[in-house]
Structure formats: structure tokens, C-alpha cells
Amino acid sequence: MDSIWIKGGAKLKGEIPISGAKNAALTLMPCALLTEEKLTLTNLPRLADVDTFSHLLNQLGVSTSVAGVKKGEFGRRMTLHAEEIVSTVAPYDMVRKMRASVLVLGPMLARMGEATVSLPGGCAIGDRPIDLHLKALECIGAEIELAAGYVKATAPKGRLKGGDYSFPVVSVGATENAVMAAVLASGKTQLFNAAREPEIVDLCNLLVAMGAKISGIGSSHLVITGVEGLHGTTYEVMPDRIEAGSYACAAGITGGSLDLIGARPDDMRATLNALAQCGLIVEFHNRGIKVSSDNGMRPLALSTSPFPGFPTDMQAQFMAMLALAEGDSFLEETIFENRYMHVPELRRMGAEVDIHGRSAIVKGVEALTGASVMATDLRASMSLVLAGLAAEGETEVLRVYHLDRGYERLEEKLSAVGATIERRSAG
Ligand SMILES: CC(=O)N[C@H]1[C@@H](OP(=O)(O)OP(=O)(O)OC[C@H]2O[C@@H](n3ccc(=O)[nH]c3=O)[C@H](O)[C@@H]2O)O[C@H](CO)[C@@H](O)[C@@H]1O
Ligand SMILES: C=C(OP(=O)(O)O)C(=O)O
């Protein structure tokens, strides 16, 4: 199994191209199921999750073709064609690999009037049920049955009616499934307390480009008027705000200066505010965002919350950075109950972190030291890479498959800005 080896200590300096967003790609790809015509996505990141989603769509009958990119370039172009759907079942072995597989439920139900999807079960960061996905779909007219670990959803008379649903808790995935289900309904749907993440705006913009009628885009009240059919289009995946934020932390933790090319400030205000409060210099230019370290890092108090709040997907990376701040920081994780799996590994590198339920106190230390570490999820792995970049000595991050889910060509991007980092194969 591959690992990432890092020799810490270099101040990173230069440009990092920001890839297409994983979390946007994973909700744009299932939109192909909503039309018999071709959907072409550009700026699609080369990630394990994108490949897994593509395999799932292939099993359902969607053909996918990818145009290669030249060496040094990022952003693939994928054409997805769901001319005929041959299966409406998303099996356990796919959903188990990638939770976002449940995002085929809404569009398949909308197009075919039925969908059977394995329940995803828990994962390293928490319980992560899909009850809100199912409740929202029921309010839009679906009948739901649960049996043998699967959800079977059907639309009476083959078409959803539309309806109103108010989410008791903000859920990105449930909002996405509900929007994708509602676009082909016979009537109107209103979603209250919908998630407002930029990836949902990207989803709605794609659906509108395919002929859907959606108003309130970017707000927590979405109104969707069902249409008879959608058509194909070509659409560019938005830049990855979490990848950009992670590399901003790389500038901070190494005392360097990085230009995040293609990053969009409006998608990541809470992250940028936190970086600035920490004492980093954040500048905007026409190609992206520059983050530079001036004079050490100040401690912070941060609490995760849905957009526009501080993202849970940035908590682990900030914790690594704050491990070297001048004082004690306070972090609170309000979205996922088990998202501190990186803490024991960061401690092995010399970080001082106390956990009290959902809160963490990070006591800034003078230095971190390299170690062999492993993590159980994507952002936890990135926090260890960040710690390794700043640590004295060598760090080996095991279980690279987590990083490959969400960071396109990580070692290539970091080497290009001065890091001593390589992927090592265990043979
Ligand atoms: C592929 C993708 O886009 N993943 C993102 C998405 O995950 P995902 O869509 O799974 O996250 P949600 O926004 O749905 O989860 C938010 C909270 O709601 C709870 N919940 C969710 C659904 C449900 O039916 N019932 C329920 O109780 C979850 O357990 C969690 O506590 O948003 C998360 C929160 O920003 C991010 O960390 C993930 O990176
Ligand atoms: C939690 C994440 O992703 P997923 O929902 O795909 O597990 C993430 O991107 O940090």
C-alpha cells in the first residue's frame, strides 16, 4: 500500500492550481441520470471518488468517456450519457466505498420512477444516517421501503408529484437528493432550511442549464417547478474550496506564501477570515487568492457550522496549523460526532490537544516532530500531511487511499512549491 513520505521544514512558496471540487463533482455527475442526452463536465478532478462514481454510473447503464489531460495540466473533461438506464440498483459494494453513491437515489427516482440504493451505514467521522434524504423524498411524493439493508423508493404512477419539506437539520446531501428528485416532478417543490453550500449552488446552476426551473438558488428556501424533461449541456465544475483552504493552511504552517490559482474568495469567506484572524495575510488577485505568513500564528476559537459558517471539512487542517500557534486555541465540531480521529496521530507528532466531547483545546507548541502516522479519513490525512510539512525530521503518512479520494496529485502540487514529499510504494 502506498504512503506519503515528507521531510519537513521547507517554507512553501509559489503557485498551486486548485482543482475542480470533489463535493461538486459528486453531485453534478448523477445529474446525467436525469436526461437521455449527453452531459459533459469539464474541470473534473482526477480523484478516486470520481472514478468510483463513474463505475457506479456505468453499472446503471450510463456511458462515460474521459478526455485525457496533458502532463502538468489539471481538470478532465468527462461526457456522461444515460441514453438508457439498465439498472436502478446502487449495490452495497459501491455505496460502502463511497457514501456519496446515495446521490443517485433522487435522480434515478425522478427519471425511472424507482430506485433501490444500499443504506450506507456509519463511517469513521460519524453515524451519518440518510433519514432526511428519505423524509424529503417522501414529501415530494416517493414511497419508501427499507429491507435487507436497502432503500427502495418508488414514485406512484411513475412520477413524483412535488411537495414541501422543511429540513430539521441542514444537510448537504439530503438537499442535493431532494433537488435532483424534484426537477422532473409533475408539480412544485419548496425546500425550507435547505443547505446553502457553494456546491449546491453549482448543482442548481447545472440543473438550470439543463432546463430545470429553480428559484432561490444560494438561499435556504429553494423553489423547484418540475418540468417534463431535461436536456444535455456542458458545464464546468467549480473550484475546490476545501482543497484551496488546505493549501492555505500549508502556507501558514510552513511560514510560506502560496498563490491558490483559481480559488474563489466568496466560496470560502469563513476559512479566509479564520486565516486572517490567525495572523496570515490574505490577498485577492484576478487569478485567485494569495496566503502568506507574516510573523508567527495567533491562536483562534473556531466552531464548525453549515455554510456560510466555518466548514467541518477544514477543522482537521486548522487543528494541525494551530498546533504551532502562539497560545491555546479552542475548536468545536458541531457537524460530525467523531471528527477528531487525527488527534491521537497529531499527538504522536508532538501536538498538545485535549478533547472534551465535541470540543478540543489545542495548546500551541514550539515544534512538531516527524513520525509514521495513519488516519482514518480524508481531512484527517491532510492534517497529518500539513503537520509533516512543518515537522522536524521525516514523516510517513500511511493509508494514502484516503488522500486520493479528495486531493488531486497532492505530492506533485506540493513538490512544485518547495516541499520535500514523495509517494512511496510498499511494493
Ligand atoms: C460528498 C459531500 O458533499 N460530502 C460533504 C457533505 O456530506 P453529507 O451530505 O453526508 O453531510 P450532511 O450535510 O448531510 O450532514 C450534516 C449533518 O446532518 C446529519 N444528517 C445528514 C443526513 C441525514 O439524512 N440525517 C442526518 O442526521 C449528519 O449526520 C451530519 O451530522 O456535507 C458535509 C457537511 O458539510 C461535508 O463534511 C462532506 O464533505
Ligand atoms: C467528509 C468528506 O467527504 P464525504 O462526504 O465524501 O465522506 C470530506 O470531503 O471531507
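Positions of Cβ are set from backbone N, Cα and C atoms, glycine also.
TrEMBL does not curate its annotations; it predicts them automatically.
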Review point. Per TrEMBL, what member of Ile85, Ile289, Ile335 joins Arg99, Arg128, Pro129, Ile130, Asp131, Leu132, Asp313 in binding UDP-N-acetyl-alpha-D-glucosamine at one site?
Key: Ile335
**Study point:** Cys123 (2-(S-cysteinyl)pyruvic acid O-phosphothioketal) versus Ile130 (UDP-N-acetyl-alpha-D-glucosamine binding site) - Cα distance in angstrom
**Key:** 13
Exercise for review: For ligand 2, pick out the binding-site residues Pro129, Ile130, Asp131, Leu132, Ile335 that have a CB under 6 angstroms away from one of its atoms.
Suggested key: none
Review point. Over the domain 'Enolpyruvate transferase' (7-414), what does the predicted model average in pLDDT?
Key: 96
Study note, to complete from the structure: Here the 10 Å Cβ neighbour count for Pro129 (UDP-N-acetyl-alpha-D-glucosamine binding site) comes out at 14
